[in-house]
Amino acid sequence: MVDEEMLIKVGRSKSHARHKKNNCESDEESTGIPQNYLKVLHPVVSEKRVQFNLGIPSTLTPRGYAKLEAKLTSPNIQKPKQENGSTSVQVLKELFSHKKPDHMCKNSNGHSSENRISYPNPTRMRNFKSIEYEIVVRTVRETKQLYEDPQFPADDSSIGNIPDLKGKVEWKRPKEINRDAQFFSGSPSRFDVDQGYLGDCWFNAVVSTITKYPQLLFQVIPKSQTLKGSDYTGAIHFQFWRFGQWIEVVIDDRLPVLKGTCKVVFMHSTDGKEFWSALLEKAYAKLCGTYEHLTGGFQSEAMEDFTGGICQTFILRGEGRPPDLLKMLQRYTATCCLIGCDVDGEHIRKREQLGLIESHAYSLTGFGCVNYRGKEQYLVRCRNPWGEKHEWKGPWSDKSEEWKHVKPKDKKALGYKDKEDGEFWMSFEDFAENFGLLEVCHLGLSSLDYDDEIEGKQRMNELTFVGEWCANVNAGGPMNNLEPYSTNPQFLFTIKRDGRKDETKALVIIGVMQESRRRDYGGDFLEIGFSLYEVSANQKSRLTAEQLADRKPLITSDYIPRREVTLEEYLFSGTFIIIPTTNHPNEECKFILRVFSSSEMTQQELDDTNTYEGISKSELYSMEQRFAQLCNAESRTINATHLSQILNHSSLKESMHDFDGFTESLCRTLLPSVSTNLTGNIDLKEFLFLWAQMNTWKHIFQNHQKHGHDPGYKLREMLSTAGYHVSNRVYHSIACRYIDSKKCTISFDEFLHCMARLRSAFDVTNIHPRNQNNQLVFTVEDYLRLSLST
């Protein structure tokens, strides 16, 4: 017997919410699936942007939410056999279950919820990756054995394919390398960073740079880690910003050394008893897959991973050199940025004579202007992460003749120091001549607290959107074909006025980033890019193909196979739409879209509301009159078999290529879309309405079809033409169900299945009973009947 009092409610009543507040510690601590389960997909802005858990699919359902509990409470660590009452099990329960208050939490009917399933709340689930270290530490303390990382073992698989090291490496813990081993030996500095066997000077340069900024360094390297004493467990953890979220990387402290020695093979500190830099490199190697994967790279990658900033890359050679490079350097060094630069491989002999190293990464640390013999001379300060004895030897180098003609106050303003420490000045002209690449990382909300700054420079404002290109759904490719192009994700943002009468343009930097493939053993990046359009302030819907044909984008990026593609522009206040795309249709990938600006902004993903507008009465009446003659007026009702016979001898089947006709299976789907009481039969009036509907659906299908099938990317437009507007989440489910993933098409048969079920679903939501708070209310029996009959 179905308990009619057991209700499945869409949402939660206000009275229930009030009751929960009185009986529980928080509304989150509830039984069943939380009402706000989709919150796990949303960005959170607190002191920093605790961005997203991008491992959770955007198509998340309540059942999928519940299933995640098991996955998220199983970190990849080795655990000994233990009783349920052990410490690590208790940690899991504390972190992933609702904490039950001292007084029993009760449901809205006042009954105890003690025996009902309790699921992790969305906030805890979003941050699940931050608890692995705590679980590891507690497990190690229980077993009294130093931690050994099963995901990044102490063998050649973690080093990767480096032939010169095969059979020449063993692994030791810091205290086995130096009996006085320390995590930090004094305050961290760039002198703690010495490049090892790997060609990862790009990584080395960025580590050297962030040691100058404690607020950046210590969000990557959590404090209070030790290599000795009672708190030592052999486990070390770091935090990196990866694809929209800060994630934790836990490693053991075993380091590769040359066999039979205590010489660390890769990055190490110049202080033999300090190990933070070597362990940081190991954690980053784990993040990227192996040590080998750190060979060759861009500073911009590590800058973003260490700060959460957004990076731009500029070619300084030939036609690629920005014409306003001087102004750019002035602007970037005056804002909250990290800047790197690389020496290219051209004219290397001459450059080596001047102290520069071929294909080597440097940090750009300063920019200024001095009066030199009555003329302005712009100077650039760079730093070689290799440190002393590796400096520029040309004009404006340490102890050069040029400095003798500069006033002491100008030297002081520049911060000039005559020291062999790897940092040096050079003229702007020599910089532009000798460096081939400039990489700039702008710091935003993911990097710094709201009121934090670096050297008196404030961070930029930041917006972040999460998206995914799905074949046959919204992976429409570039704008050379507007119809599929218009199906790509669209994001709207508004730049607010700054309140001044003489409003100035805001610096806006836009970047689209795809999931990193460095870990996937050389996986190639897709060619990605984006276009920016200006729209009216009241724009609320997606731009259609017709609307896009009538307007040109303000800017369009290049399509580049890199992790992130960025572009900057100066814009007045206004409303804009960004359309990110791949360079080829139906290429699948998750992405994040970020917008940094010197002005405040608001954001919105353009979506459709789930509504059905219907077809005009006059049009419906004319169709009913046109096809009334096909119905048997003497028959009161017809079933699926009868419906199949009528439709297969009607004009509905005509001119439909590759359509096998109206099978009984299809007709059983069509009947519930008009059946009043789900009897499996329809009367004349219901049949006429179905007939009219199907003619409309056929007309829509024929207007879009090619060779008997419709391109899958047109399905959303077809739904809209029929009057059905669905959200991105609902459309994703529809497309995955009805579009042929191999052919990227939808057949007439599948289209009719889709339309009939969609109509049935909207009928339920429009007609079904609601409570006083306008929330749908179903009995279990109603829910099962409706689910099984459509």
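Cβ from N, Cα, C; glycine included.
What TrEMBL records for 12-31 (among others) is region 'Disordered'.
Taken from TrEMBL, the feature compositional bias 'Basic residues' covers 12-21.
The region 'Disordered' annotation in TrEMBL covers 101-121 (among others).
TrEMBL lists 106-121 with the feature compositional bias 'Polar residues'.
The feature domain 'Calpain catalytic' is assigned by TrEMBL to 146-444. On the 0 to 100 pLDDT scale, the domain 'Calpain catalytic' (146-444) averages 90 in this prediction.
As annotated by TrEMBL, active site applies to Cys201 (among others). DSSP assigns Cys201 (active site) to a helix in the three-state reduction. The Cβ of Cys201 (active site) lies under 8 Å from the Cβ of Gln195, His360, Ala361, Pro385, Trp386, each on the same chain and at least six residues away in sequence.
The DSSP secondary structure for His360 (active site) is coil. The feature active site is assigned by TrEMBL to His360 (among others).
According to TrEMBL, the feature active site maps to Asn384 (among others). Long-range Cβ proximity for Asn384 (active site), meaning a same-chain Cβ under 8 A and a gap of 6 or more residues, is found for Ile357, His360, Tyr362, His390, Glu391, Gly422, Glu423, Phe424.
When secondary structure is read from DSSP and collapsed to three states, Asn384 (active site) falls in the coil class.
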